[in-house]
Number of protein chains: 2
Amino acid sequence: MTVTAPKGFRAAGVEAGLKNSGGLDVVLVVNDGPSAAAAAVFTENRCEAHPVTWSRKVVADGTVSAIALNSGGANCFTGEFGAETTRLTAERAAQHLGIAAGDVIVCSTGLIGMGDQGWRDKLLAGIDAAYPALAADAQAGSNAADGILTTDTVQKVSTREGSGYTIGGMAKGAGMLAPGLATMLVVITTDADLESNQLDAALRQATRVTFDRVDSDGCMSTNDTVALLASGASGVTPETEEFTRLLTEVCDDLAKMLQQDAEGASHDITIITTGAATEQEAVDVSRAVSRSNLFKAAIFGNDPNWGRVLAAIGTTDAQFDPQAIDVSMNGVMVCKAGTPHAPVDSVDLSPRATEVLIDLHAGDATATILTNDLTHDYVHENSAYSS
Amino acid sequence: MTVTAPKGFRAAGVEAGLKNSGGLDVVLVVNDGPSAAAAAVFTENRCEAHPVTWSRKVVADGTVSAIALNSGGANCFTGEFGAETTRLTAERAAQHLGIAAGDVIVCSTGLIGMGDQGWRDKLLAGIDAAYPALAADAQAGSNAADGILTTDTVQKVSTREGSGYTIGGMAKGAGMLAPGLATMLVVITTDADLESNQLDAALRQATRVTFDRVDSDGCMSTNDTVALLASGASGVTPETEEFTRLLTEVCDDLAKMLQQDAEGASHDITIITTGAATEQEAVDVSRAVSRSNLFKAAIFGNDPNWGRVLAAIGTTDAQFDPQAIDVSMNGVMVCKAGTPHAPVDSVDLSPRATEVLIDLHAGDATATILTNDLTHDYVHENSAYSS
């Protein structure tokens, strides 16, 4: 059911010819209310795409009535013409819906630096085609989830039921997954009745421990957007704690799906740092390991090369004594107190799900980063990118 | 001639059975004086190997009479036993040479987390064999340069002639090349007569703009060492400026050789950032691009994907207006003022030497980072590492 699972939402996905590979590529998600409260978080990349610049302004007043999304072009570094394309996209959707363009978020994904008149014409025609296709049923939600995919191989959706309300989400993203969010477009809807500042707090809390901790390939996108729209159609105002917990679960589901569909990956690596002095230091250590190409290539080769883990840890400012660190891989402690421990050939790295557990013995804080291995296929897919 | 080119130095390289691949793997370089002035810089990795910990102390007084080096094992994260192995190595060399162990630097390279009694025995026997092989001729210098190689495919040496003195250098390093120096062992000798503080200043100035700006794969080693020994045997005390310039040229030669022999690389990429507000910001921008796996994979595929350059630039704190940035690849400006300019198919990325020129239009500072592409072969070599 995805974004149409909560009451008060319609969605559509149509084929507008933007994606070279064909398939659905223009999507509308509409909040029919009664509320139009919303929150969103965006990429921290300073080279942001035009749709991000536009959407930041739209969500500033906490009100969003619709989202127009496209795959097949990021509309980033396309000059004034590209900025105008984003504005025209919002205006076209707004005209059909009888709302203000300033209440329409725009999200784009695909290649940077493209988007000419022909591309714009197809995109606007896609909005025209999507409007009459809008529906509140499961198929419409599924079409929307399909229409935002680029090199993704599977649809990414998740829902949770709260006490009288529902949360539904969809995501795309398979490469450029990194901190400050991934190339990642995520739309989450709910029929809970919450103010935009409550939505904003819940969304930031949820993304901080989910999407912000996926770091597949260390590359930060120009287009990342995670939007949360609340229709209030359930008439229920949930407890903040429960809502945030369920929202975090939806984000966690979607984040893991991003990891599991990462381009070319053959291992999903969960890097847990424990015994850290602070949570931030635990994040820093796990992230440093997730950024080590040597470590990631070793995991691809099923090689439990823990020296590369320690070499990455040593690049951080976290508090630790190098001679106190333990490293375990898939449950086998290969390094104890900075010295070799269990034989490395007792580690089985053949499963796709791989766990690296680092104990710094410097405190009580823990954090996890989700990453992937560095494979021939990753190199191949990204050396001949087209979307 | 390498490290034996300057007067006052002897060297040797012997086969001690440390490297699985066979070949020379234990090296001695001896400074016969009259001066024993020296300087060295080491990895910034906090998880440093035992030889680095030892050698920092040795060079602290500005006096080094000999260097014992080995490939076939990094002696890192090998516990107290490993620390003792380093001490015994220095002591064994010192005994033969009739000098203090505290004047012997030790450098090791190879796999982290290995070095048992058998390995130690071979290493010490290698020192015993190297001592009688010490000679001041070109063959001895060449053997020394060969004996420190691991996955390197070529010997890396450079010399310069000053006004009455000589500088000679050798290096190893092919992977883990990153800031704060690479896995990189470098020994530079000179017969100039300089104090250790003069050597230290010259060495730091030279490495800052050479080795510190090679970033092949973003991974920082535990063992990096660059040592500079001055015998004073020429009787010439050079001008600081000339000496620093020639030393920088030797370091630059060796740094480029490291880049050109990087594991699995098919492109040597020179990333020049100009128009930066400060030199550090120019370094930050070039380095951010050199760390982007997506960019590096695109170059492997001869794809001038400038969007990935801008996406990497956007992750930095450097001063710039995204809509003012120009990007050229191999002389073709593909992005001008943040918008597409020359057609990407006019860029020829087939040569191994690749240049990316970024103009931030934010100031007058420039800096260059040397990196490589991300290839199938890089992944392959590092997924089944053995040295």
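Yeah, the Cβs are placed from backbone N, Cα and C, and that goes for glycine too.
Features of the protein shown, as given by TrEMBL:
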- B:Thr150, B:Lys172, B:Thr183, B:Glu263, B:Asn382, B:Ser387: substrate binding site (BINDING)
- B:Thr183: active site, nucleophile (ACT_SITE)
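Around the Cβ of B:Lys172 (substrate binding site), 29 further Cβ atoms fall within 10 Å across all displayed protein chains.
Contact annotation for chain A: of the listed binding-site residues (B:Thr150, B:Lys172, B:Glu263), none places its CB atom under 8 A from a CB atom of that chain. Of the listed binding-site residues, namely B:Thr150, B:Asn382, the sparsest CB environment within 10 A is found at B:Thr150. Counting every protein chain shown, 26 other Cβ atoms lie within 10 Å of the Cβ of B:Glu263 (substrate binding site). According to its DSSP assignment, B:Lys172 (substrate binding site) is in a strand.
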